[in-house]
Amino acid sequence: MELATTGKVNEVLFMNRGEGESSYAQNSSFTQQVASMATPALENAVETLFSKDFHLQALNAVDLGCAAGPNTFAVISTIKRMMEKKCRELNCQTLELQVYLNDLFGNDFNTLFKGLSSEVIGNKCEEVPCYVMGVPGSFHGRLFPRNSLHLVHSSYSVHWLTQAPKGLTNREGLALNKGKIYISKTSPPIVREAYLTQFHEDFTMFLNARSQEVVPNGCMVLILRSRQSSDPSDMQSCFTWELLAKAIAELVSQGLIDEDKLDAFNIPCYFPSLEEVKDIVERDGSFTIDHMEGFGLDSLQMEENDKWVRGEKFTKVVRAFTEPIISNQFGHEIMDKLYDKFTHIVVSDFEAKLPKTTSIILVLSKIDG
């Protein structure tokens, strides 16, 4: 089934649930490293809020696209720690922290809240009591009342789209991106244009919703998967989808997957360049860019020399965030075969020595007035 509508994507876009071997909770170490790179930016954002004369009694913060791993707990701890530091410096007496944890309805909120502990949120007798609430729903629309948020955080979520790009079939209904699930070297220009158009539309909706919810001078800290090259089909930015498409194609050749299902499937995700993100923010005009930087990390952070161990580790990471949406299209019964094939391709094509993964840290302030 094509992911042609927002409603359909919202139903199947979530990380692997639970705490098992293939779960996101057990395979989120890479995104944890990505988020840790943005910790100084998050700390600075909290400091900045205290310098803007909000006369805060409670700081309202949200983690958009929080998933169910430990990463969101680190975000809460960082915000709380910085607030306690500022309270001691400013001799605040009554400051409280309200944190909202947001993701789509399919997110494993049970595992998420099961992982909350007193080590994360502390107790209500501390100098900064912390209250946590779940908020299911799409962050591409409004989630909160006007002027109610002081701080917005989102890591590795905003590059996901509300739907597969429109216009990827011709007048006869034939697929224009045959054999691929994302932009590739063989994709016609219209595929690249459709993906950028969809990202522009979705990121603009995201900014518009936040512009209504964030207080004037409030802050947003966003971390997105991105690319360095101006070419969206550059292997550094699309290697995961290229390898996954290759694994699916091999199962098609074995008669295990219908070729039409592969041709009809386009992953609802886009890895933008710094220039594309900057252009959209400036066109929207609701926020100023306080800080923006790109950085690269090894796709596998491990000392293991065995290429098969590295390949299997990478497969677990990819499976944790792709299996729900991939299995919806191609069937749950072939997932083990598919990801086993993926491992073999990773090892044979790269010997598990993968390109660096590029990300963007973006710090925005809501324009006053």
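The backbone N, Cα and C atoms fix where each Cβ goes, and this holds for glycine too.
Annotation comment: Swiss-Prot describes TYR24, CYS66, ASN71, ASP103, LEU104, SER138, PHE139 as S-adenosyl-L-homocysteine binding site, evidence class similarity to another entry. Its own atom aside, the Cβ of CYS66 (S-adenosyl-L-homocysteine binding site) has 26 Cβ atoms within 10 angstroms in the protein chains shown. DSSP assigns CYS66 (S-adenosyl-L-homocysteine binding site) to coil, not to a helix or a strand.
The secondary structure of ARG225 (caffeine binding site), as reduced to three states from DSSP, is extended strand. Spatially close to ARG225 (caffeine binding site) yet at least six residues away along the chain are TYR156, HIS159, PHE271, THR357, THR358, SER359, judged by Cβ distances under 8 angstroms. Look at Swiss-Prot and you will find THR31, TYR156, HIS159, TRP160, ARG225, PHE321 tagged as caffeine binding site.
According to DSSP, ASN266 (Mg(2+) binding site) sits in a coil region rather than a helix or strand. Marked as Mg(2+) binding site by Swiss-Prot on the basis of similarity to another entry: ASN177, ASP263, PHE265, ASN266.
Here Swiss-Prot flags HIS153 (among others) as site 'Involved in substrate discrimination'. Within 10 Å of the C-beta of HIS153 (site 'Involved in substrate discrimination') there are 27 other C-beta atoms, taking all protein chains into account. According to its DSSP assignment, HIS153 (site 'Involved in substrate discrimination') is in a strand.
Taken from Swiss-Prot, the feature site 'Involved in substrate discrimination' applies to ARG225 (among others), supported by similarity to another entry.
The site 'Involved in substrate discrimination' annotation in Swiss-Prot covers CYS269 (among others) and rests on experimental evidence.
The local packing around VAL317 (site 'Involved in substrate discrimination'), expressed as other Cβ atoms within 10 Å of its Cβ over all shown chains, amounts to 19. Per Swiss-Prot, site 'Involved in substrate discrimination' is recorded for VAL317 (among others).
What Swiss-Prot lists as site 'Involved in substrate discrimination' is HIS332 (among others). HIS332 (site 'Involved in substrate discrimination') falls within a helical segment according to DSSP. Sequence-distant neighbours of HIS332 (site 'Involved in substrate discrimination') (same chain, 6+ residues apart, CB-CB distance under 8 A): none.
Nearest to PHE321 (caffeine binding site) in space, judged by Cα atoms and limited to the binding-site residues CYS66, ASP263, PHE265, ASN266, is CYS66. With respect to their backbone Cα atoms, VAL317 (site 'Involved in substrate discrimination') and ASN71 (S-adenosyl-L-homocysteine binding site) stand 14 Å from each other. In this structure the C-alpha atoms belonging to SER138 (S-adenosyl-L-homocysteine binding site) and TRP160 (caffeine binding site) are separated by 11 Å. Put simply, the two farthest-apart Cα atoms among THR31, TYR156, HIS159, TRP160, ARG225, PHE321, the recorded binders of caffeine, are 15 Å from each other.
Other Cβ atoms within 10 Å of the Cβ of TYR156 (caffeine binding site) number 20 in total over all chains. Here the binding-site residues are ASP103, ASP263, and the one with the most other Cβ atoms within 10 Å of its Cβ is ASP103.
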